[in-house]
Amino acid sequence: IAIVDCSDYPKPVCSLEYMPLCGSDSKTYSNKCDFCNAVVDSNGTLTLSHFGKC
């Protein structure tokens with residue numbers, strides 16, 4: 001199981017760095033910050049499916 005530590009999030013601004021992550025919602029997030037902000041918004045229901053594009 002792939003795990004990302006989102007304890008430092010949410011953050012108001014994300015970098016434009018591209019390191020894609022695939023969420024459990026089958027959406028590709030451009031980087032950890034975008035993904036972790038979405039995890040916080042989902043109240044923890046969103047999880048990481050795998051690293052890379054969906």
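The backbone N, Cα and C atoms fix where each Cβ goes, glycine too.
These numbers come from a predicted model, not from an experiment.
Within the set Cys36, Cys54, Swiss-Prot assigns Cys36 as the partner of Cys6, by disulphide bond. Of the cysteines Cys33, Cys54, only one is given by Swiss-Prot as the disulfide partner of Cys14: Cys33.
Using DSSP to sort the residues of the domain 'Kazal-like' (4-54) gives these counts of helix, strand and coil: 10 helix, 9 strand, 32 coil. Counting only residues at least six positions away in the same chain, the Cβ atoms of Lys32, Phe35, Cys36, Val39, Val40 sit under 8 Å from the Cβ of Cys6 (disulfide bond).
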